[in-house]
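Lifted from TrEMBL, the feature list:
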ACT_SITE  E449  active site, proton acceptor
BINDING   T167, G206  FAD binding site
DOMAIN    36-161  domain 'Acyl-coenzyme A oxidase N-terminal'
DOMAIN    303-464  domain 'Acyl-CoA oxidase C-alpha1'
DOMAIN    496-677  domain 'Acyl-CoA oxidase C-terminal'
Amino acid sequence: MFGRLAAKQVPNKEYAVVPGKVNPDLQRERKKCTFDTLELTHFLDGGVEKYKDRKERENFFLSDPELMDDVPPELMSHEDQYRNGLKKACYLFKKLKELRENGGTIDNYRQLLGGSLGSAILKDGNPLALHYVMFIPTLMGQGTPDQCAYWIEKAWDCRVIGTYAQTELGHGTFIRGLETTATYNPKTQQFFLNSPTLTSYKWWPGGLGQTANYAVVVAQLYTKGECHGIHPFIVQLRDEKTHRPMPGVIVGEIGPKLGMNATNNGFLAFKQVPIPRNQMLMKNAQVLPDGTYVKSPSNKLTYGTMMFVRVVIVQDMASYLAKAVTIAVRYSAVRRQSEMVPGQSEPQIMDYLTQMYKLFPYIATVYALKFSAQWLWNMYNDVTAKIDAGDLELLPELHSIACCLKAVSTADTATAIETCRLSCGGHGYMACSNLPTTYGNVTAASTYEGENTVMLLQTARALMKAYAKAQAGEQLSPTVEYLNRNRKFRPWSNTVDSIVEGFKQIAAGKVAACALSLQRGVESGLSSEEAWNRASVQLVDAAEAHCRAFITDRHLDMVRNGMNELSPALREVMAQLCDLYCVFWALKRTGDFLQFCGIRGEDVQNLQDYQNELLVQIRPNAVGLVDSFDLRDEIIGSALGSYDGQVYERLLQSAMLSPLNAKPVHDSYGASLSALLRAKY
Ligand SMILES: CCCCCCCC/C=C\CCCCCCCC(=O)SCCNC(=O)CCNC(=O)[C@H](O)C(C)(C)COP(=O)(O)OP(=O)(O)OC[C@H]1O[C@@H](n2cnc3c(N)ncnc32)[C@H](O)[C@@H]1OP(=O)(O)O
Ligand SMILES: Cc1cc2nc3c(=O)[nH]c(=O)nc-3n(C[C@H](O)[C@H](O)[C@H](O)COP(=O)(O)OP(=O)(O)OC[C@H]3O[C@@H](n4cnc5c(N)ncnc54)[C@H](O)[C@@H]3O)c2cc1C
């Protein structure tokens, strides 16, 4: 991928990357694989037809030289990263439009732009991402049919480019506390947008800096002198011809960040900016021309777009992780270091059990997350269809499970990617390994779209309610069924079923312990809010346990019931990965298993032995497993992880791209170093 510039500059020709030459260790690994990698790729894609579609799509985008970088973004200034990101995003969206004319859907777009393909083309962020991931979905989810008819076409065609402006300098989590106001004037039939304080400045929205000319702005609605809470408004930010900020609009970019440096996150403030009445999104709540407020069936429907993105994030995490673990596994097959047996040749680092332990549970995690994400996506579609028909019953259940899956999937993936980086030693620290950028993208997701602790506390709130229902003998919804007080837990039996059962027992035990802490808190004279705060460390822990029970249950269910059409050889490997995921987490939670599941010291030893056995069983298939993710080199974007394993050649090649290597003596020598070298003290 860095080919065009580098080929001229590598100091020794014999160390240049040779097209088609594959590292012999990787070749050997591929021969050892016990299953058909293509069969697994087809399974991952959801069938041969979808596989072919994906290949075609990838070819369409990744064979286009306009979309590939000549210089890696990490060598660019912040400004050039944006310039480059925007140029490619605009070109990409022209291509996407072509595709849409051939029948693309919002889900196609999401698959194209989220996860692997998107992060190959726009490595460090996409200034148009929010337009597609939040602006259009908000119009679709919260606009009336008339508003949809007017705005969505324009937005699809990129005649307006939008973002989602909710977070402010002072508030991101507590959105009821937002300070931007939208005050209705029935005389002019307009809302006036205003930013009354410094802390009311919008801060963070992607693409807001210099890109978007419109935004969905979330503001406190005032009409007839009364505040009705936060509502979404479509606000024009920039002139459609000149792109200059509209009168009364103060807008700019917020500066460099840990990652995502091409997303053009921005700030925004209003000085009494008028918009017509029909630019409040009125599918749920309305303001009539005379200023009368008509309530929404649920004020949580305003939160619908956030829910959508949380669901999407879980899917994206699986893609990012597949990429990172592909890099680390291929590198671990190529890299040789130390002596396992004195005097013998240096082994591949993947032969160290500690290295297998660093990597293989995360191959398994890709599947664990993927299966949960699929389930969540289906539930999201079912529930939104029901909501459209006026049935809101399942909304709290969806919210609760989406919140914890968003938190656990992002936190686990960030830890996994950092572990992949560590597993690559020094070379993993290089930007050209693509692990730092991937980490930067992923760790952001622990904060955006609902900070993880806050998300887990939302789930905990639902768990406490479910527990109270369970105690009252009421019926429970499927994801919390295990809290049923009449449920008999099966005794421990040293099987993976027992581990999955154990996670439910742990979650149930922790939920009950939280309820007890809350009750004791209140009995000791604390208010219910103070008691909640006092129990919140435990509550977060209980929500995480609930999520782990859900993920392991989904994973095992898929292996047992969702793979019937696969060959026995492949099913065996899939079962090993599921077992590994479960054992890995059981061992990380030994204390919980001892506390809640009646296991003994020797059971822990058995689990340990089984984990070791699984690692060794998976070892010959490790490269085959990551090959099955079928990520093209352009997607991998890493000197360490390319299919051919020419690791050292690519490291040297990418070093040569550094502008510091352009001349034998760098200009700064004359400017400062030469004087220091000659100075007499
Ligand atoms: C087309 C595809 C294109 C694809 C392109 C892909 C490219 C991808 C690339 C890169 C993507 C990058 C994308 C970056 C994007 C980042 C964007 C943002 O970050 S936008 C800002 C997000 N902001 C938050 O998420 C705020 C978090 N805060 C909140 O959500 C709320 O304030 C919350 C939930 C913490 C508290 O809300 P309360 O204060 O109103 O609620 P309480 O009082 O705690 O609860 C009231 C009741 O409401 C329920 N509730 C709360 N939220 C709900 C919801 N969403 N749905 C249903 N019920 C909910 C609760 O469960 C509770 O229920 P009971 O009373 O217990 O029954
Ligand atoms: C890369 C990136 C892109 C973003 N894009 C957008 C965008 O496009 N549009 C947009 O509107 N916003 C966007 N955001 C903002 C994002 O949604 C918020 O940053 C996020 O919701 C967290 O809010 P906060 O920053 O106010 O954190 P805070 O809430 O201030 O969190 C700080 C700490 O306080 C804790 N805390 C806060 N409340 C509680 C509580 N009730 N109980 C316990 N602990 C609590 C948190 O756990 C955390 O440890 C983006 C953010 C990032 C990083």
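Cβ coordinates are placed from backbone N, Cα and C, and glycine is handled just like the others.
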Using DSSP with the three-state reduction, classify E449 (active site, proton acceptor) as helix, strand or coil.
coil
Report, in whole Å, the straight Cα-to-Cα distance of E449 (active site, proton acceptor) from T167 (FAD binding site).
10
Between E449 (active site, proton acceptor) and G206 (FAD binding site), what C-alpha distance do you get in Å?
12
Sort the residues of the domain 'Acyl-coenzyme A oxidase N-terminal' (36-161) into helix, strand and coil with DSSP and give the three counts.
95 helix, 0 strand, 31 coil
If you count Cβ atoms within 10 Å of the Cβ of E449 (active site, proton acceptor), leaving out that atom itself, what do you get?
21
Using a 10 Å cut-off, grab the number of neighbouring Cβ atoms around the Cβ of T167 (FAD binding site), all chains included.
19
